[in-house]
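So that we are looking at the same thing, I have put the structure below in structure tokens.
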Amino acid sequence: MSTDSTNTPPQVLSHSSSSSSISSMTKENTPAPCCHICKEEVDVLQEARSHCVDCNMYLCARDAKIHIKREPTHHVIDLIGASAGNNLGGSGIGLGSHLLEQMSPRNATNTSSPSTSLNFGGPAPLCQRHHIPVNTYCGSCKKLVCSACAVEEHREGHTDVNMIAKIEPEERSNLDKLLNHLRESMKEWESSHQTHDNELELESSLIEEARNRLKEEVKAVCDTLRQNLQDRQDQLFADIDEISKTQTNYVKKIIELKKVSVDYISEFDKLHEMSGYEMMERKLTRLPQTLQAFEDLKTFFKYLTLDEVHDIQLTNTEIMYIQRELKNLGEIVKTPPKQKSAKTATTSAASSNGHPLSGAPGTTSTEPSKLNTSTASSENGSSSSHPYTPFSMEFTFVGTIGKTGSDGSGNDQFKGPWDVKISHGCNCIVEYKGSLKTSKSPRYLCIEPSKDGNDSLIFSCDNHAVYKYNLNKVLANEKNLEPIWISGTPKKKGSDVNLFTEPAGVTLCKSKKINALFPEAMNENTILVCDGDNHRIKVLRASDGKVLKTFGAKKGDDNVQLTQPECIYVSEDDQIIVTDQSAHRVQMIARKGDELSCIKIIGKEGQSNLEFATPRGIAVDETSNHLILCDCGNNRVQVFSHVTEEFKRNYGTEGKDNSQFNKPTGVCFNDVNGELLIADYQNHRIQIFK
């Protein structure tokens, strides 16, 4: 048989089950094997159909039969290509190293995705070494080889060597079953993960919508800031104009007073020409006026030099701090994928950078699992680096800090935590019980944030005093650490203005509207403390703890009367919110004119909605105006609007399980990530909700 060069070149790993001659599968210029005996004996180039491995001799069909009869122990292999296997790329099945390079759609290019336009049914590729079709599969090494390679290289230790034609039906059936199972699995996966083609297309459009929405949100935030800056500029310009006008009028008044003095003095210019009577008359009538005019001038001019009159300055710009805060303003985050095994975190965990600082004597701080990367705000307003995130009110349990029902001084234990607060400046959650070695246990907490990160910790104590410490030094466990100041006399109680009796809730007041009532705290923060058994609120200067004012002990105190105030909060709309523990109510106090007045009372004793039993800790979600209150005696948390008095929901029952409480006392809202932290007093833990 002659070689036909016009035949189609062989295809790599075709699916054809038809036989082909060697001559039809040879590459151009590659001679096909011929029968050795025909060539030697009759000088005829007869196409070889078999190959004797032992003799290394190619044989035609006739001579192969004769050779087998003569040498029954020799291994004679059929050279006719039957069907080749499937393309098993990626399945672990490889091709023998002797495969001839073929030009075909399968090996012409290297693509990253499977082609859908391949031609199937062509002949098998040829072994480069033996020039025969790849028609054998070695299951031991998972390779497709020619029959000669199978005998030469895959005999010893290779127990699973078969002709492709022999295993084709079973392999085709198994592969068909595998592919059917794969298709079903893909359908299930698509359904469970909602990844059908139309859903993926929809997701792409949703991503684009999110992109546009987020840009609008960022633009709105920046527009608001620009407007705030413009408003502030307008206000500062107005202040400049007002002060400049005042100082200009001041100079005009000086000129006027000076002219009066000069005019009076000029009446004595011709003193030596006056008669005795004229001199004495002017001395008695005009001289006092002249002297008084000069005294008026000196009194009115209250500066040392004239330069001070125009010394008008712009202060409190803190431009470096503002620039630093603006660089951190806002953050675009991608929520992490949910874990496939949805297990709720119940270990000591807190969704804030930092570590809880436990307060049992001898306790050291521990690092909880970090469930989130954002740091929470301090108690009276959020960190200026982040927008508010409202509380969802779903009360989804996130985790706990402390061992439920197990009190102690271990790193992961609390003993009756009263309160919990967050310091964004020091990146920590604080729950304090006594590691500062105060004579009695601390109770309620307050964080005074600092622009340089040196936040202060202020807390009331059962020894009838209030303490202020540098929080960074507390976290550093400095030995013999002294407080910044102490208000009250430790171990001494009383009703004197400088004494406390059972001080409780503590809060920072940054409201300029309220602090303007206390001239001694001009341009400073104040600290408001519930002086519980004295039934009053004490106002302290934040810098040194000096008492500036008290109110609430009797009706005459600024129209506010309290009954054992327990906790206190100053909202962004300049309202002082107080839990009146013994009266089982909440009082709203605001400035009216030059005094403070009670403007609203919410609640009474009971178990229904907006009824309380010894209410204690409070926090406010400023975004939604929701007041979150620890209804301690009812072992629950109540949420309602302190603006409209509308009830929102109750949450919790008595117990030790997650989401149950046993005397909740303190609460803190993380307005950065929308989490709520609650001090669960008798369960010796802090519970975290989303």
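Quick reminder: no glycine exception, Cβ is built from N, Cα and C everywhere.
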Could you check which of 1-25, 401-425 is flagged in TrEMBL as region 'Disordered'?
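That would be 1-25, the stretch labelled region 'Disordered' in TrEMBL.
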If you look at how TrEMBL annotates this chain, which of 197-235, 431-469, 548-586, 626-664 comes out as coiled coil?
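Of the candidate stretches, TrEMBL labels 197-235 as coiled coil.
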What is the number of residues in the repeat 'NHL' (648-690) that are helix, strand and coil, as DSSP sees it?
3 helix, 24 strand, 16 coil
Summarise the repeat 'NHL' (599-643) as counts of helix, strand and coil residues per DSSP.
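Looking at the repeat 'NHL' (599-643) with DSSP, the answer is 3 helix, 27 strand, 15 coil.
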Take the repeat 'NHL' (599-643) and average the pLDDT across it for me.
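Across the residues of the repeat 'NHL' (599-643) the model's pLDDT averages 94 on the 0 to 100 scale.
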Take the domain 'B box-type' (122-163) and count its residues per DSSP category (helix H/G/I, strand E/B, coil), listing them in that order.
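Computed counts for the domain 'B box-type' (122-163) are 7 helix, 15 strand, 20 coil.
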